[in-house]
Amino acid sequence: MQLYGEEIGSRLLLGTAQYPSPQILAEAVKASGTEIITVSLRREGVDGAGTGFWQLIKELGVKVLPNTAGCHTAKEAVTTAQMAREVFGTNWIKLEVIGHSDNLQPDVFGLVEAARVLSDEGFQVFPYTTDDLVVGEKLLEAGCEVLMPWGAPIGSGQGLRNPDALRAMRAHFPNVPLIVDAGIGRPSDACMAMELGMDAVLLNTAVAKAGDPALMGAAMAQAIKAGRQGFAAQMMERRDMAVPSTPILGMAVFD
Ligand SMILES: CC(=O)[C@@H](O)[C@H](O)COP(=O)(O)O
């Protein structure tokens with residue numbers, strides 16, 4: 001998969017928040033085989049991480065996709081992205097402009113505004129957006145080359161709330177990398193996203209809050225691979241009626 005011209009081997013992008021400890025985070029990252037982790041510049045010093053967290057991130061040897069989690073206006077997101085570029089030395093930014101505190105849905109107006117400003121400044125923007133085609137078009141016009149539609153509200157673990165909308169996005173944007181971001185709760189959700197033809201999945205809570213985060217990281221990776229293979233293999237259409245799987249020719253003769 002190519003993201004902004006970079007070849008990426010793993011289709012799983014992993015968040016780094018809410019792990020029981022930095023060590024468990026490191027184990028989960030390794031077990032998942034991810035090549036991209038997303039990190040919030042505004043993260044609180046929880047998890048006993050402190051400044052050691054940044055050292056750990058460097059030692060993991062994976063690409064960092066800084067994010068603007070916690071930003072509620074375009075202005076805040078732009079400033080946070082500019083700081084992240086200084087800190088992490090990358091033009092990549094996962095752009096979040098949160099519009100509502102109940103479901104953490106994106107403020108798509110602020111998102112498009114911030115995406116335009118950041119793209120003009122040379123950022124390569126990964127926008128966390130809704131599954132709306134018109135917003136997707138506006139983000140591409142603003143300079144984004146990747147879209148990250150939500151599966152369900154962040155941290156809800158509800159899976160894919162609207163598979164039809166994701167299917168429509170795939171059909172409408174056949175050549176744009178689509179990464180489902182947020183709401184994945186279990187491996188089958190991640191697999192389904194890939195079966196719908198998504199290019200990748202970004203998830204955090206499902207792994208961080210699993211009983212065994214490293215094992216869940218590995219499970220998610222396998223599910224994503226299986227879903228991708230299923231999509232590539234072109235799955236059969238569902239049917240309303242039964243069709244015998246064993247064709248019968250004539251009648252059996254027993255005497
Ligand atoms: C870490 C991060 O970027 C989240 O904002 C992201 O949207 C993941 O959501 P889940 O925690 O629901 O997987």
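Even glycines carry a Cβ here, placed using N, Cα and C.
Among G136, G143, G155, G250, the residue that TrEMBL places alongside A182, G183, N204, T205 at the 1-deoxy-D-xylulose 5-phosphate binding site is G155.
Secondary structure at K94 (active site, schiff-base intermediate with DXP), taken from DSSP and collapsed to helix, strand or coil, is strand. Using CA atoms as reference points, the binding-site residues G155, A182, T205 were checked against K94 (active site, schiff-base intermediate with DXP), and the closest is A182. Fewest other C-beta atoms within 10 angstroms, among the binding-site residues N204, T205, are seen around T205. Contacts of G155 (1-deoxy-D-xylulose 5-phosphate binding site) defined by a Cβ separation under 8 A and a same-chain sequence distance of 6+ are given as L104, A182, N204, T205, in order along the sequence.
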